[in-house]
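*Asks:* Quick one: the structure is below, and I'll ask about it shortly.
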Amino acid sequence: MRHDTDPRPSTADLIDAVLDAPPPRPEVSEVGRVAELGDGIAIVTGLARALADEVLDFASGVSGIVFDLEPGRLGVVLLGPSQNVAMGEDVRRTGRVVSVPVGPATLGRVVDALGRPRDERDPVTDSPLAPVEAEAPDILSRTPVSRPLATGLKAVDAAVPVGLGQRQLIIGDRQTGKTSIAVDTILNQKDTGVICIYCAIGQRGDAVAKVIGALQGGEMLGQTVVIAAGDEDAPGLAYIAPYAAMSVAESFAAQGRDVLVVLDDLTHHARTYRELSLLLRRPPGREAFPGDIFYVHARLLERAGQFGEGAGSITALPVVETQAENLSAYIPTNLISITDGQIYLSPKLVRTNQFPAVDLGVSVSRVGGKAQARAFRAVGGNLRVTLSQFEELEEFARFGTRLDEDTRARLARGGAVRNALRQAERDPMAAHEQLAVLVAAMEGLLDGMDEAAAGAAMQAIRAAIRAADGGLPEIIAGDEKLTEDARGHILATARAALAQTGRGDGADA
């Protein structure tokens, strides 16, 4: 006997509910299989509709990027450990491309090429995602480089100036100080408002930790994004790392900010791309690099530039390593032709304890001169001439040739200028301090001093020029020429400082 208070629905109610419910929608997914495995790559079959650069998800939790499209098979670059992937495991399409978190939440963070934390902090959340690959801005959206980017290094700011929006290559053999120049440039942006991005490609973990420590010590980590793809990571992460760095930079530039991107280094990036291409059986070319290696770096560096009004800028400092000072190797020549100039670090100068070891005879800035402060231009031009004459005369002097008074004076002046260009690591100098030291050296105030004495004299001049109120910072900031009155003020201040240290007799009155 059925009671009216029975809470159970009747059969008729159940039938009506089923009929009124929307029809079920089957979940359709394309599933492939792993057919081959290599070091950092996989060959996948069964995904005929996959697109180039699409992300694929493997059943093991590793993701990969479609690199090669061939009939019946896909060449996939893995973004995780290949040892975690098994033969025959399922692979699914995602319909999306590789993206990275961008925006203010990334500042002060150390992340990998996918934006995953490397600093033992929480994941970057509440941030928009941007594809790591993007088209470079067209010509009409760019404006000429016209504003300086101060590196804080005398040898660079005076003779090889860099402008906001420029692509300036840092090139040299191993252990010549390439990373030091890049890090010192970042440290010099502390009070400029420039957002900095340091991208480590294939670097050892201890080397990256050293850079992070320097940024923390210089109170610049909060203004910097560190993207690290170490030598222990999957090759695919090292490949996409510089593109991810550019995407993060573009997000800030779109907000009108000036951004500095250091890519350390593109030699490792090129080797990684060669390794992946050979594993995927792409035809090798010169030095076994694939034929599109130039395009790989060109499309990356073309994303930097000075953009339209209110759109900010991206300054790129790519680093490349040479072997035995061979500037004509394949990758160095490619990057020299892509960029707007190069800062060449010479092993010969390193052996003479000249740091930074910038060889001004080979280094050049093709567009930065237009952005250089006028006060520096005359000093920088004379600097190159003086050093060039000094190096030529120095070669003759080694043969013991008898030298006349004028030649000895030129050698003394050249040695003083070379000493003036020495600078310790992690000690970027303000522009007016650089100008004061260089003017003092060019006018002979440091002639006859050895390296130690010249270092002490430069410190005294820096302290004195900081304490003096000569209007030098305003002259540089206002892009004014260095007047005779300003030059006289520099020399008077420098002579007084040297006199107090007991080294005033080195001045050339």
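Cβ coordinates are placed from backbone N, Cα and C, and glycine is handled just like the others.
Quick paste of what Swiss-Prot says about this protein:
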BINDING   G172, D173, R174, Q175, T176, G177, K178, T179  ATP binding site
SITE      S363  site 'Required for activity'
*Asks:* Write out the long-range same-chain contacts of G177 (ATP binding site), meaning residues 6 or more apart in sequence whose Cβ is under 8 Å from its Cβ.
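*Replies:* Once residues fewer than 6 apart are set aside, G177 (ATP binding site) is near L345, V350, F355, P356, A357, E425.
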*Asks:* Once the chains shown are all counted, how many other Cβ atoms turn up within 10 Å of the Cβ of S363 (site 'Required for activity')?
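*Replies:* The Cβ of S363 (site 'Required for activity') has 22 Cβ neighbours within 10 Å.
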*Asks:* Find, for the listed binding-site residues R174, K178, the residue with the lowest Cβ contact count at a 10 Å cut-off, counting only other Cβ atoms.
*Replies:* R174
*Asks:* Give me the sequence-ordered set of same-chain residues, not including G172, D173, R174, Q175, T176, G177, K178, T179, with a C-beta within 8 angstroms of the centroid of the ATP site's C-beta atoms.
*Replies:* E321, L345, V350, A357
*Asks:* Rounded to a whole angstrom, what is the C-alpha distance between T179 (ATP binding site) and S363 (site 'Required for activity')?
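*Replies:* The Cα atom of T179 (ATP binding site) is 17 Å away from the Cα atom of S363 (site 'Required for activity').
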*Asks:* Name the residues of the same chain, 6+ apart in sequence, whose Cβ is under 8 Å from the Cβ of G172 (ATP binding site)?
*Replies:* K178, E321, T322, Y344, L345, S346, P347, A357
*Asks:* Round to the nearest Å and give the CA-to-CA distance linking Q175 (ATP binding site) with S363 (site 'Required for activity').
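*Replies:* That separation, Cα to Cα, works out to 18 Å.
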*Asks:* Taking the Cβ of T176 (ATP binding site) as the reference point, list residues of the same chain whose Cβ is under 8 angstroms away and which are at least six residues distant in sequence.
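*Replies:* Looking at Cβ-Cβ distances below 8 Å from T176 (ATP binding site), excluding near sequence neighbours, one finds L345, S346, P347, V350, A357.
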*Asks:* Select one residue from Q175, T179: among these binding-site residues, choose the one with the most other Cβ atoms within 10 Å of its Cβ.
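*Replies:* That would be T179, with the highest Cβ count within 10 Å.
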*Asks:* At the level of the C-alpha atoms, what whole-angstrom distance separates D173 (ATP binding site) and S363 (site 'Required for activity')?
*Replies:* 14
*Asks:* Measuring Cα to Cα, tell me the gap between S363 (site 'Required for activity') and R174 (ATP binding site) in whole angstrom.
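*Replies:* Between the alpha carbons of S363 (site 'Required for activity') and R174 (ATP binding site) there are 17 Å.
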*Asks:* At a 10 Å cut-off from the C-beta of D173 (ATP binding site), count the other C-beta atoms across all protein chains.
*Replies:* 17
